[in-house]
Amino acid sequence: MTPTQTNTATMQQRWETVMMNNYGTPPIVLASGNGAVVTDVDSNTYLDLLGGIAVNVLGHRHPAVIEAVTHQITTLGHTSNLYATEPSITLAEELVALLGADTQTRVFFCNSGTEANELAFKLSRLTGRTKLVAAQAAFHGRTMGSLALTGQPAKQAAFEPLPGHVTHVPYGQVDALAAAVDNDTAAVFLEPIMGESGVIVPPEGYLAAARDITTRHGALLVIDEVQTGIGRTGAFFAHQHDSITPDVVTLAKGLGGGLPIGAFLATGPAAELLTLGLHGSTFGGNPVCTAAALAVLRVLATQGLVRRAEVLGDSMRIGIESLSHPLIDQVRGRGLLLGIVLTAPRAKDIEKAARDAGFLVNATAPEVIRLAPPLIITESQIDSFITALPGILDASIAELGKKA
């Protein structure tokens, strides 16, 4: 049954009057959230299985984040990059420790994932080389440098020519990567799991091979952990499953628990490339956002949410696949970043059917439904989705019949 949308319709009309049309008109208008549940302006409730696209790792209205933000905003809200604050220093120290590199590591804070990747692009130029390698169908952001790295021509076409000397190779194919990297390559950019393109997991050993290839040619290995980091896959950084140390790691999304923050970590010689005056951010390292991030890290550690993400993700995958529904081919991903791969390109219809049933999911590809719920989601909430899923899939089939 389609939820009531009386107030939603009014909000949608207001949206269409004043907002840019790059997103289209949102199907619902959310008003509040608590834990893994959100409520719209017509009082319909939804289990949030997308978490703001892997942002709300502690769910909505988490008391630790509220306390940290409230304390900081009533103490000191903003300083610019001209002055230091204790929360940003502490957060940098904690991220360095979590990365665990055995060489010097330095941190730069910004406001988003695309900004972190933009800096990685700029840093690569400081090597004296200009060639870059990234993956076909990858997503690294929408600002110009990050867009050049994004291996999706449909997103790039309107903005060409793009910066860069970027070569895109098939994701997961070691031979193709090895053939593209040479002694003129500045950096290789890779996601540990390709989230936007359908939660695609590379073959075992791929990231380790990428580390070997880049080391052999003196190129930087940049690992984009914007979607996979902050414990989502069952390790704090997804690349840690492969026991490698990148030269650069980019972060955002879940780091701030809902507040905008990005981070750039560089190790070894790469940590010394950025020198006085070469980059900056007015809002980067904002004390309120860094305080929120520290609260996120504390809760992840004290409540064991990183390990829990792996356990719950395995359980969720098994539960969905055991339904043996004709529309489900497989479930791929790791931890609580999962993609339900469909046997037909019905993802948009299923996203709508799920929303009508009270579940927020994302059609990240025509044949893939992405799940990235808060790491605090309960087993019973996961079970409620698995129980409802056959009906959701059947409803999407019925809707297709109406369109025919």
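Backbone N, Cα and C define each Cβ position, glycine as well.
Going by Swiss-Prot, these are the annotated features:
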- GLY113, THR114, PHE139, ASP224, GLU225, VAL226, GLN227, THR282: pyridoxal 5'-phosphate binding site (BINDING)
- ARG142, SER281: N(2)-acetyl-L-ornithine binding site (BINDING)
- LYS253: N6-(pyridoxal phosphate)lysine (MOD_RES)
**Report entry** Cβ atoms near THR114 (pyridoxal 5'-phosphate binding site) (within 10 Å, other residues, all chains)
**Finding:** 24
Report task. Return the member of ARG142, LYS253, SER281 nearest to ASP224 (pyridoxal 5'-phosphate binding site) in space, with distance defined Cα to Cα and candidates limited to these recorded positions. Result -> LYS253
**Report entry** Collapsed DSSP category at THR114 (pyridoxal 5'-phosphate binding site)
**Finding:** helix
Query - Alpha-carbon distance [GLU225 (pyridoxal 5'-phosphate binding site); ARG142 (N(2)-acetyl-L-ornithine binding site)] in Å - result: 16
Query raised in the report: So among the binding-site residues ASP224, GLU225, who's got the most Cβ atoms within 10 Å?
Result: ASP224
Query raised in the report: Using a Cβ-Cβ cut-off under 8 angstroms and a sequence gap of six or more, which residues of the chain neighbour SER281 (N(2)-acetyl-L-ornithine binding site)?
Result: ASN81, PHE108, PHE109, CYS110, ASN111, GLU115
